[in-house]
């Protein structure tokens with residue numbers, strides 16, 4: 001018995017505008033030949049035919065026409081074969097379940113459970129308190145339960161594998177079958193998206209837009225790699241280069257067509273989202289510019305080319321770092337003093353120079369003075385806290401009374417100047433680039 005779809009308005013998935021543009025279908029959907037396993041799984045001829053009727057109604061939107069009878073026959077055969085492949089989960093599950101049940105029959109092993117024979121007694125079923133079977137009948141009941149559980153587990157484990165295999169075979173067959181050449185050429189993804197976008201919720205449209213942008217960027221990267229390989233193939237010998245160039249040109253043409261189709265799909269998705277008010281896109285005239293901005297943003301996010309901001313490199317001016325415990329360098333390496341500037345996080349509490357003087361910005365006119373003069377000038381700045389020398393003469397603490405601030409500051413300054421002078425004389429006497437410690 002054949003089934004004819006003569007009323008496209010009965011299809012709940014079709015829109016009125018699309019039905020008005022397409023003519024009424026004249027094809028006949030052939031019924032499937034169901035296997036025993038398909039009947040066991042609850043499949044029926046009516047369900048299969050109804051599924052194909054909805055599939056062809058949606059396919060007509062992408063084709064822009066109704067499929068021919070030959071195309072319907074080929075697609076039905078491919079789809080019915082895929083359903084029969086998935087139904088093989090039943091016989092394969094039974095066989096695998098029987099093998100696993102037979103293997104663990106001695107210990108009455110269940111899926112993911114091994115009885116310890118403490119409370120478990122295979123001579124009674126299901127338990128000693130509520131016994132329905134005993135003796136050999138109870139053992140048969142236990143083995144039957146084990147077999148059923150193993151069969152169900154094996155069938156559900158094989159179902160995803162068989163479904164993936166059947167879908168892959170169906171796609172490969174539809175892509176190579178010469179009878180579907182016109183079908184593949186007329187199938188336009190932009191038409192199909194235009195038909196389906198009106199029925200999608202806004203959240204799904206936004207996800208589809210992100211996927212579309214990612215697909216465009218991936219194809220653009222593939223196109224760049226293809227062009228690079230094409231330039232390398234041109235340098236080969238003429239015999240091999242001609243065949244390689246022909247293959248590269250075909251792939252490049254297909255990739256460019258695919259990118260162009262995806263750009264059309266992206267533009268339509270943006271228009272649909274903007275019309276619904278689900279995005280910050282403006283009017284229809286502003287869609288193109290906003291689409292380009294969204295593509296650029298998505299490209300930078302997917303490519304992962306964001307980099308951390310780098311600190312600006314400045315040429316350090318030679319200066320002395322005021323602080324105790326720092327090594328002094330010779331006159332040939334005086335620029336090393338500038339590596340620790342006034343903004344450095346290394347703060348020495350023992351320095352006689354106040355923290356306020358350290359953070360004071362230096363003017364450009366100080367570059368002509370020596371490091372010793374700049375150090376003395378910085379020490380003349382007002383101290384935020386008084387210092388008091390301890391017995392060692394090298395460490396200072398900031399707990400002196402306010403009345404002794406001036407005298408102790410002068411004493412510390414004189415001591416510091418003497419040490420700087422001794423260090424300078426020591427370096428001039430040595431005449432080498434070695435560092436010395438105070």
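Every residue, even glycine, has its Cβ placed from backbone N, Cα and C.
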Range annotated as coiled coil in TrEMBL, from 181-208, 209-236, 237-264: 209-236
Of 107-126, 127-146, 147-166, 267-286, the range TrEMBL labels transmembrane segment: 147-166
Secondary structure tally of the compositional bias 'Basic and acidic residues' (405-426) (DSSP, helix then strand then coil): 22 helix, 0 strand, 0 coil
